[in-house]
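Annotated features in TrEMBL:
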- 31-293: domain 'NADP-dependent oxidoreductase' (DOMAIN)
- Y58: active site, proton donor (ACT_SITE)
- K87: site 'Lowers pKa of active site Tyr' (SITE)
- H120: substrate binding site (BINDING)
Amino acid sequence: MVAIEIPTLVLPNSSSQQRVPVIGMGSAPDFTCKKDTKEAIIEAIKQGYRHFDTAAAYGSEQALGEALKEAVDLGLVSRQDLFVTSKLWVTDNHPHLVVSALRKSLRTLQLEYLDLYLIHWPISSQPGKFSFPIDVQDLLPFDVKGVWEAMEECQKLGLTRAIGVSNFSVKKLKNLLSVATIRPVVNQVEMNLAWQQKKLREFCSANGIVITAFSPLRKGASKGPNEVMENDALKEIADAHGKSIAQICLRWLYEQGVTFVPKSYDKGRMNQNLQIFNWTLTEEDHNKISEIYQNRLINGPTKPQLKDLWDDEI
């Protein structure tokens, strides 16, 4: 199998016009077998993946680090060709804990630096008390200015090449931009055909912030029907192009100018997810896609849900 060359996007707010591969490989907590994770990542690198997304909370940093080290040692890839993202968990979302949390992630990943470090959620909780979902009684005030200054320090120290956020609404981004010296390069959020994030996309684009879509195929926390993968209109579009619904979803994201991190450890699907760059959706396809009913899949990490987490933005 010949490795596919994946297009890259410039991160406009990065200091050195850093580039990120548009499609990455997600690794989230539902993958519990370390051996599977490691083998899948090696396979992904052989197929052409260079962008890998993890987080302190996922429990996948160690397996990802071992796989990347093995791939580099085998000569499959060099470190400078990789783009590795991790995230600061809410228990460390305090100014005095940020740098040490990143250093811990780097040790676990066996890396000297990250390409991108994100604030995982715009909330803070009791240090050292890991639970999921997070009990709202454990929440503490989120010092966005102090935490962001510590994120900026991480970049100045060379521990990460760029910094950004995840799950930030337009309102929360505006607040962050008002106190930031170094602007966030990425906002990683849920985005898929049933949650298209038009308002957030427009704001991020106007402010040089690249969106990374998680749950791009609307797989994740919910049980019940998948409003994307089981959508009749999308099935018609897929059939007309001779593609899968997943490929239609990812192509649409690519045409919106965002990056995306689907999670698949299946060799065939990993490859299918890369077969999206040499064809286009029609205007009629886009019109049909714009009519898909919109509702959020991932409501938040707390129990009960926070009323003001998303600031009622659609």
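Each residue's number is its place along the chain shown, starting with 1.
Note: Cβ is positioned from N, Cα and C throughout, glycine not excepted.
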Taking every residue in the domain 'NADP-dependent oxidoreductase' (31-293), what is their average pLDDT? 94
Between the C-alpha atoms of Y58 (active site, proton donor) and H120 (substrate binding site), the distance in angstrom, to the nearest integer, is 11
In Å, rounded, how far does the Cα of H120 (substrate binding site) sit from the Cα of K87 (site 'Lowers pKa of active site Tyr')? 5
If you count Cβ atoms within 10 Å of each one, which of the recorded positions K87, H120 comes out on top? K87
